[in-house]
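Here the structure is laid out as structure tokens; the discussion comes afterwards.
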Amino acid sequence: MRLTVVGANGRMGRELITAIRQRKDVELCAVLVRKNSPFVGKDASVLIGSDSLGIRITDDPENAFSSTEGIVDFSHPQASLLYADYAAQKKLVHIIGTTGFSKTEEEKIAEFAKYTTIVKSGNMSLGINLLANLVKKAAKALEADDFDIEIYEMHHANKVDAPSGTALLLGQAAAEGRNVMLQDVRINERNGYTGKREKGSIGFSCSRGGTVIGEHSVIFAGSHERIVLSHTAQERSIFANGALKAASWAKNHANGLYSMLDVLGLNDQF
């Protein structure tokens, strides 16, 4: 499957290029960077320090998408919406690992998915999606009157959105387990005099610092006992390989908006 990597000079863009070279089910077709990037016109090998790849870096989406079958996208919300539009028009698979979308932007992506196959997830790793599966089951088994749910995450100093897309994915799994809407029970932060904790609420707390790739814990706190389900990402390659697995899967599926739970066959297990 021929793929275009967008945001190719970012952390995940470089990881994706490296991962594609190591797989047989996908091949690198084009790499796209922001307008007037100093990388434009150079061989894509400069991004990963390898031998020549024979692919010139471009800042022109039309050029980047002209002969591709899919777009792999870890960029930012505004750019992802633009690429989703291209994908819908050209019937290209679109894999979205971007986070930080507003409700309106989420709705636009769902609309584009009527015309092409989109896989969108706050985290593309197998481990996190298995964790979400476990969180949903635990939330269903542990009643709100007996167990409080808190979600903690830490990322590197340069991450710009909070809570992370992964934390929200885990919060959504917990809310679904308890048959409630996350927006109705979500507590984003606590500061000053907050009063007692509301029964059934799902709290989020975030830390930023250093080069932490990603740490997430979901805490079920009851009387005299505490259950902690957690995941630590040690390399970004887990996200890249998950995204490429999603691309290969999406190629053979109908138009629609899917998640990594669909790709991994975990939705049926909830």
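Every residue gets a Cβ built from N, Cα and C, even glycine.
Summarising the annotation, Swiss-Prot assigns NAD(+) binding site to G7, A8, N9, G10, R11, M12, G97, T98, T99, S121, G122, N123, M124 and lists sequence analysis as the type of evidence. The annotation NADP(+) binding site is assigned in Swiss-Prot to R34. The feature active site, proton donor/acceptor is assigned by Swiss-Prot to H155. The (S)-2,3,4,5-tetrahydrodipicolinate binding site annotation in Swiss-Prot covers H156, G165, T166. Taken from Swiss-Prot, the feature active site, proton donor covers K159, and the record attributes it to sequence analysis.
Annotated features, which come from Swiss-Prot, shown on the structure.
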{"residue": "G7", "record": "NAD(+) binding site", "Cβ neighbours (10 Å)": "24"}
{"residue": "N9", "record": "NAD(+) binding site", "Cβ neighbours (10 Å)": "19"}
{"residue": "R11", "record": "NAD(+) binding site", "Cβ neighbours (10 Å)": "15"}
{"residue": "R34", "record": "NADP(+) binding site", "Cβ neighbours (10 Å)": "15"}
{"residue": "G97", "record": "NAD(+) binding site", "Cβ neighbours (10 Å)": "25"}
{"residue": "T99", "record": "NAD(+) binding site", "Cβ neighbours (10 Å)": "24"}
{"residue": "G122", "record": "NAD(+) binding site", "Cβ neighbours (10 Å)": "25"}
{"residue": "M124", "record": "NAD(+) binding site", "Cβ neighbours (10 Å)": "28"}
{"residue": "H156", "record": "(S)-2,3,4,5-tetrahydrodipicolinate binding site", "Cβ neighbours (10 Å)": "13"}
{"residue": "T166", "record": "(S)-2,3,4,5-tetrahydrodipicolinate binding site", "Cβ neighbours (10 Å)": "27"}
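Look at M124 (NAD(+) binding site): DSSP puts it in coil. Recorded residues H155 (active site, proton donor/acceptor) and R11 (NAD(+) binding site) have their alpha carbons 14 Å apart, per Cα-Cα distance.
Among the binding-site residues G7, N9, R11, G97, T99, G122, the ones whose Cα is located within 10 Å of the Cα of G165 ((S)-2,3,4,5-tetrahydrodipicolinate binding site) are G97, T99, G122. When the Cα of G97 (NAD(+) binding site) is compared against those of the binding-site residues R34, H156, T166, the shortest separation belongs to T166. Candidate active-site residues: H155, K159. Fewest other C-beta atoms within 10 angstroms, K159.
T99 (NAD(+) binding site) falls within neither a helix nor a strand when secondary structure is assigned with DSSP, and so counts as coil. Using a 10 Å Cα-Cα cut-off around N9 (NAD(+) binding site), the recorded positions R34, H156, K159 reduce to R34. Neighbours of G7 (NAD(+) binding site) among the recorded positions R34, H156, K159, T166, defined as a Cα within 10 Å of its Cα, are R34. What surrounds the (S)-2,3,4,5-tetrahydrodipicolinate site, by Cβ distance within 8 Å of the Cβ centroid and not counting H156, G165, T166, is the set T99, G122, N123, E153, H155, K159, D161, S164, A167, G214 from the same chain.
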